[in-house]
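If you check TrEMBL, you get these features:
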type: TRANSMEM; residues: 21-38; note: transmembrane segment
type: TRANSMEM; residues: 71-90; note: transmembrane segment
type: TRANSMEM; residues: 96-118; note: transmembrane segment
type: TRANSMEM; residues: 139-165; note: transmembrane segment
type: TRANSMEM; residues: 185-206; note: transmembrane segment
type: TRANSMEM; residues: 218-238; note: transmembrane segment
type: TRANSMEM; residues: 335-355; note: transmembrane segment
type: TRANSMEM; residues: 376-399; note: transmembrane segment
type: TRANSMEM; residues: 411-435; note: transmembrane segment
type: TRANSMEM; residues: 447-470; note: transmembrane segment
type: TRANSMEM; residues: 490-509; note: transmembrane segment
type: TRANSMEM; residues: 529-547; note: transmembrane segment
Amino acid sequence: MDQEALLVGKAADQHPEKRNVLTISCILGIVSYTYTASQALEKLAYYGLVPNMILYLTAEYGMGTTEAANILFLWSAATNFFPLIGAFIADSYTGRFPLIGFGSSTSLLGMLLLWLATMIQPECDKSIHVCQPTTPFQLLLLYSFFTLTSIGAGGVRSSCLAFAADQLQLNHTSRISTSALETLFNWYYFSVMLAYFLSESLLVFVQTKYGWQIGFGVSLAAMTISVALFFAASPYYVKFKCEPGLVSGLVQVLVAAFRNRHVDLSSEEHVVSYHQETGSSFSTPSQKLRYLNKACATSNPKQDLTVTRNSRSPRKLCTVQQVEDLKSLVNLLPIWSTGIILSLVTACQASFIVLQAKAMDRRTFIKSFEIPPGCYGVFMIISFVLFLVIYDLVVVPLVSWAQRKPFRLGVMVRMGAGIAISVLCILTLAIVEYARRKRAREEGGTVLSAMWLLPYMLLGGISEALISIAQNEFFYSELPKSMSSVATTLFGLNMAAASLVSSWIVTAVDAATCGSWITKDINEGHLDYYYWLLTALSLLNVAYFVWCSKAYGKCKSDADN
């Protein structure tokens, strides 16, 4: 019964005829409220720590701008890389529910340590920007927070979206329709963005107004409630058992292909048949990445296979299914890589934008009220959410009614549009920074309104909305069901790669320009030159995406439309 859903609940056991009704009720009631609320609170807790973290490190620990930015880039990279490891563990060994529970608990511990660190942080004289040297114990608490929250993210983010998709299925083999999948992703991201909105506004305001101890304490409280809600609803979730051997199976294909590297696939002497698993949908391997076909080719089935048609040596002969699983992962890597520069443009510049906003006029029409510099990311979230709502509730129904048939933009179209808009996004930021610096140096004060950051925020939100959902849908549809957790973490892996690339670029720029571009006082530096560099990379990324999409061809989700 490995492929049956494990529905825990007395009512379902006593009344099998009501199983479907209870499942739907479980989806709408338990999952929609409890699970989504749990995940939203987890995102609220984590994202509430991110915007002001560069201010916390520079103001309270006396770090330089480059040093603090690099630490945050590495934290972001680890936070977005560990989910890939967690996905392989979830799909192969533990299942999704236990890993989410482990990750949530680990993140809670990390946030507790950060909260404790605020009580013993080094004393600073803010008037002259001098801090007492940090003690080893203070740094231990700080870096333990970064480490534990990164590991915790590996458990939560690796499986949360795939686990949500599981709730739409009665069994492991049932297929979710493309429209249902897109709607799920849309509204899941809507709840995430709502949490992000609250963290960027409410939590950042609390940190700015009432201090780090209270501000970080709110994140700790939100995370505590998230963990409690998640475990409280445990008996009602749809849970699937994992399929062991996913990672080893992929490695076996590489080993078998290498060991059979001398096999000539065009010669009938070397290949009599391909080893296929009973019940598999693949009888022969595809012609893409043909070298890997050597892993499942056999010239002597009687010698290579047992009586039950299993391979005598899995490291020398794999199944066609294993080969195709690895091919599906390798085939989409070029498309995946196009999201790295976009993530670098829309997500990895948050720390620098906080510094920009701090140096601009943040006054509003409300007398004596200034928007905290860490709150400007709220506008990107608003843009993201509004675009999703308008697209899903207005554009799609309206065009479907006009065409008299269901309408959905293909995933390739949405990804391409998102990448193209990202060029305009970073271009506006470069222009605004050029104007801000010029006025600040010529007029000797903060004269440019921070509202000039809005074009970047609005375009960035639309770009993120288009590509994040499209890429997640693309990965989930193109990879086999056994790799669904891996599929839903690949987009996060973009952020990990983008954070590393950002760190490398910042370090290289700092070294090449002798620190003249990125400085502690951004009026003395040339942050606009850095943004122009990112604009050039974004233009190259558009051309790269066009080439990758043509090489990939038609994808499964587009074929369903």
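Cβ atoms here come from the backbone N, Cα and C positions, even for glycine.
What TrEMBL says about a protein is an automatic prediction, not a curated fact.
Since this is a predicted model, take the numbers as computed values, not measurements.
Under the criterion of 3 or more C-beta pairs below 8 Å, with sequence separation of 6 or more, the transmembrane segment (139-165) and the transmembrane segment (71-90) qualify as touching.
Counted over residue pairs 6 or more apart, the CB atoms of the transmembrane segment (218-238) and the transmembrane segment (96-118) come under 8 Å in at least three pairs, which marks the two as touching. Only pairs six or more apart in sequence are counted, and the transmembrane segment (529-547) with the transmembrane segment (411-435) gives three or more Cβ pairs under 8 Å, enough to call it a contact. With pairs at least 6 apart in sequence, the transmembrane segment (376-399) and the transmembrane segment (185-206) have 3 or more Cβ pairs within the 8 Å limit; the two touch.
Using a cut-off of 8 Å between Cβ atoms, the transmembrane segment (490-509) and the transmembrane segment (335-355) share at least three residue pairs, counting only pairs 6 or more apart in sequence. Beyond the ends of the transmembrane segment (376-399), by six or more residues, the same chain brings 51, 183, 186, 189-190, 193-194, 196-197, 200-201, 346, 350, 353-354, 357, 407-408, 450, 453-454, 457-462, 464-466, 469 to within a C-beta distance below 8 angstroms of the stretch.
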